[in-house]
Amino acid sequence: MRVRGMQRNWQTLGNWGILFLGILIICSNADKLWVTVYYGVPVWKEATPTLFCASDAKAYEKEVHNVWATHACVPTDPNPQEVEMENVTENFNMWKNNMVEQMHTDIISLWDESLKPCVELTPLCVTLNCTDYKGTNSTNNATSTVVSPAEIKNCSFNITTEIKDKKKKESALFYRLDVLPLNGEGNNSSTEYRLINCNTSTITQTCPKVTFEPIPIHYCAPAGFAILKCKDKRFNGTGPCKNVSTVQCTHGIKPVVSTQLLLNGSLAEEEIIIRSENITDNTKNIIVQLNETVQINCTRPNNNTRKSIHMGPGKAFYTTGDIIGDIRQAHCNISGEKWNMTLSRVKEKLKEHFKNGTITFKPPNPGGDPEILTHMFNCAGEFFYCNTTKLFNETGENGTITLPCRIKQIINMWQKVGKAIYAPPIAGSINCSSNITGMILTRDGGNNTHNETFRPGGGDMRDNWRSELYKYKVVQIEPLGIAPTRARRRVVQREKRAVGLGAVFFGFLGAAGSTMGAASITLTVQARQLLSGIVQQQSNLLRAIEAQQHLLQLTVWGIKQLRARILAVERYLKDQQLLGIWGCSGKLICTTNVPWNSSWSNKSWEEIWNNMTWMEWEKEIGNYSDTIYKLIEESQTQQEKNEQDLLALDKWASLWNWFDITKWLWYIKIFIMIIGGLIGLRIAFAVLSVVNRVRQGYSPLSFQTLIPTSRGADRPEGIEEEGGEQDKNRSVRLVSGFLALAWDDLRNLCLFSYRQLRNLILIVTRILERGLRGGWEALKYLWNLVQYWSQELKNSAISLLNTTAIAVAGGTDRIIEIGQRAFRALLHIPRRIRQGLERALL
């Protein structure tokens with residue numbers, strides 16, 4: 001009895017141990033996290049891809065910007081999209097923006113294309129005999145705009161004709177800025193001059209001029225990349241921006257090349273903005289963006305004529321022939337009242353940065369290149385150099401401010417050092433009107449902290465482009481995201497490889513500010529936008545390339561457009577390759593068998609999915625991405641190996657496959673072969689037996705020979721006639737004929753097979769019956785065990801509740817009793833006082 005009791009106790013303890021072990025396993029796996037791959041998450045990083053340009057250029061226009069943009073840019077998108085990114089803060093830095101460098105390179109290409117040299121002017125590097133030119137048909141009216149006679153020189157020189165050993169004398173008009181005296185720069189009485197750049201650089205003449213008016217150019221990011229735009233109205237170009245959107249292309253930017261003043265740019269939306277890389281460093285330029293335009297109207301009133309001088313076969317030098325009428329100076333007019341108001345507002349903004357000093361403006365310091373000392377810009381093909389002293393000397397003039405301008409034809413190219421170009425003159429008078437939208441300033445150095453002096457500057461055209469690109473940055477979309485979830489990849493069957501959904505486009509970034517849990521819900525919509533974006537953009541690029549293939553023959557722009565197209569395809573293939581290696585092709589959410597390591601991030605599941613954005617999460621685990629990628633790849637490799645092993649055992653995956661109807665014919669064929677083999681063996685052995693007996697001298701009379709057989713012991717012997725007793729043995733007849741013999745063998749084989757199969761079925765039935773009976777008994781035992789423990793738990797709970805109720809009731813009674821005693825004591829206080837007083841009186 002004691003042994004049985006111990007056995008029962010051990011069984012009970014064993015059951016309890018199994019139960020607790022199961023609960024422990026469940027609890028241990030409840031919070032276990034696994035790596036999950038997400039495709040289409042709103043994550044990006046800064047990048048420097050090759051941008052392409054878009055413009056509304058007109059192929060029939062001869063204006064050089066139109067000609068350049070026609071074969072350099074694709075058509076603009078008629079329906080540009082801009083997606084707001086809520087709850088997103090992004091850092092911008094206009095001073096370290098690769099878009100500026102790309103635009104700088106592009107505008108250099110534009111100018112090289114526009115001012116393409118046709119003729120080298122090296123033969124003009126000869127002695128020029130020059131005199132002051134007074135013009136023809138001059139009225140000699142002395143006005144403020146009449147040019148000094150020394151401003152334009154009439155020079156004669158010897159030049160080679162079409163026949164190289166022959167020379168002829170020609171004359172041409174040159175501006176004073178384009179020639180230098182041979183006897184020294186300060187010698188104004190000299191009559192011998194040379195071209196200004198003959199000793200420093202090669203001079204080439206541009207092709208005959210056409211109109212020169214910049215058109216807006218949009219810069220666009222290739223598929224797989226996006227352009228982020230800062231929409232803060234007071235953004236100073238550096239630091240965080242809280243109002244961010246994403247666009248495919250920038251706004252139209254006019255590539256105006258100018259110094260000191262910024263022309264035809266964009267305006268600040270609210271107040272004037274001051275931008276500088278380090279405003280306390282006087283070596284850094286200050287870019288001022290105005291909030292209102294100031295119109296500037298420029299003109300060259302002279303009625304010039306143009307003539308050509310032949311310098312040899314196929315070479316012509318274009319120069320000014322005559323100036324009809326008074327030789328009047330080129331000039332620009334600005335409203336003094338509006339300019340002074342603008343300058344005072346700029347002062348107020350500068351005082352916010354230099355609170356202790358007095359802000360003053362002064363003209364540039366003398367000395368240096370004319371491009372820096374004056375406001376240089378291109379007006380209808382002529383290069384104007386205007387003196388801005390009247391703008392920055394703070395005279396307070398409210399009338400029209402007239403800026404005197406000089407024109408140069410030999411230009412130092414701003415895009416290349418040591419290169420000059422001769423710009424042929426434009427016939428007739430020239431007029432152009434522009435809007436001043438900003439200015440470039442420099443601050444004087446020194447220790448004077450009470451007076452801050454600012455002067456106009458410029459020269460580095462990158463600052464011109466920065467004034468327009470300050471609010472943009474290019475980012476590379478990272479569509480693959482990794483995050484921990486409670487889901488684990490369970491299946492081992494091979495997944496069907498679906499077609500991928502394409503590379504990420506800018507459209508889905510609208511969910512960038514959402515939490516990871518909210519953003520993951522829209523993955524399908526995002527991925528579809530990505531695919532449509534890349535397909536549409538690639539189609540536009542290809543259509544533009546096909547339309548312009550005669551202009552894109554191995555040019556830098558054809559290569560750039562093709563590079564942008566190939567870059568998008570490369571991004572797509574790279575992402576799809578990773579998804580394929582991880583076994584996630586065609587999936588937006590893909591679970592893995594890689595457990596999440598808390599060393600990567602120890603945040604809980606709720607903290608990650610309910611409080612963090614994908615960008616914040618990417619920064620959290622960015623250093624471990626390569627490690628996680630490697631683990632996912634190793635896990636997928638192991639899974640594929642397991643799949644291969646499983647496929648090798650696939651024939652034994654299910655016993656029901658043995659009874660498949662498609663295999664019955666194969667079973668029948670095997671059965672017929674076995675029966676035929678048995679019959680053949682029987683015939684062969686019968687023939688061999690007969691042959692053997694014949695060789696021994698025995699010849700059977702018939703196949704019906706009787707074979708004696710013994711009679712059973714319980715059967716009486718038969719009595720023949722005459723009462724003679726027969727032998728105890730009897731004979732049975734053999735079957736007659738070959739077919740009968742075969743049939744008898746087949747019948748015996750079938751009977752044998754039937755008996756064996758019946759015995760096998762009986763054995764299997766008994767085994768199954770015993771197994772089912774045992775299983776049923778086990779289930780009944782488990783059910784009784786569950787009922788027993790349920791009843792025990794119920795009784796324990798009831799007992800616990802009863803005990804708790806009794807304890808609570810006892811405690812309540814005690815509390816009530818204590819309260820009653822305290823109440824009675826309070827009620828008896830007056831009586832006790834009275835009794836005490838009575839005793840004291842007695």
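Cβ coordinates come from backbone N, Cα and C, glycine included.
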Among ranges 266-285, 386-405, 626-645, whichever one Swiss-Prot labels region 'V4': 386-405
Where Swiss-Prot places motif 'YXXL motif' among the ranges 522-525, 650-653, 698-701: 698-701
Second cysteine of the disulfide that Swiss-Prot assigns to Cys241, among Cys230, Cys249: Cys230
The annotated coiled coil range in Swiss-Prot, which must be one of 59-93, 584-618, 619-653: 619-653
Which range of 15-35, 498-518 is region 'Fusion peptide', per Swiss-Prot: 498-518
Annotated residue, N-linked glycosylation site, per Swiss-Prot; candidates Asn236, Asn729: Asn236
Recorded disulfide counterpart of Cys130 (Swiss-Prot; options Cys53, Cys155, Cys198): Cys155
For Cys249 (disulfide bond), the number of other Cβ atoms found within 10 Å of its own Cβ: 22
Those recorded positions, out of Cys73, Cys198, Asn333, Cys379, Cys432, that come within 10 angstroms of Asn87 (N-linked glycosylation site) at the Cα: none
Three-class DSSP secondary structure - Asn340 (N-linked glycosylation site): helix
Cβ neighbours of Cys53 (disulfide bond) where a neighbour is any other Cβ within 10 Å: 25
Alpha-carbon distance [Asn243 (N-linked glycosylation site); Asn291 (N-linked glycosylation site)] in Å: 20
Asn243 (N-linked glycosylation site) as reference: those recorded positions from Asn340, Cys379, Cys432 with C-alpha within 10 Å of it: none
Rounded Cα separation (Å) that holds between Asn236 (N-linked glycosylation site) and Cys379 (disulfide bond): 31
List of residues, in chain order, with Cβ under 8 A from that of Asn340 (N-linked glycosylation site) and at least 6 apart: Gly396, Glu397, Asn398
Residues that sit under 8 angstroms from Cys379 (disulfide bond) by C-beta distance, when 6+ apart in the chain: Cys298, Arg300, Ile430, Cys432
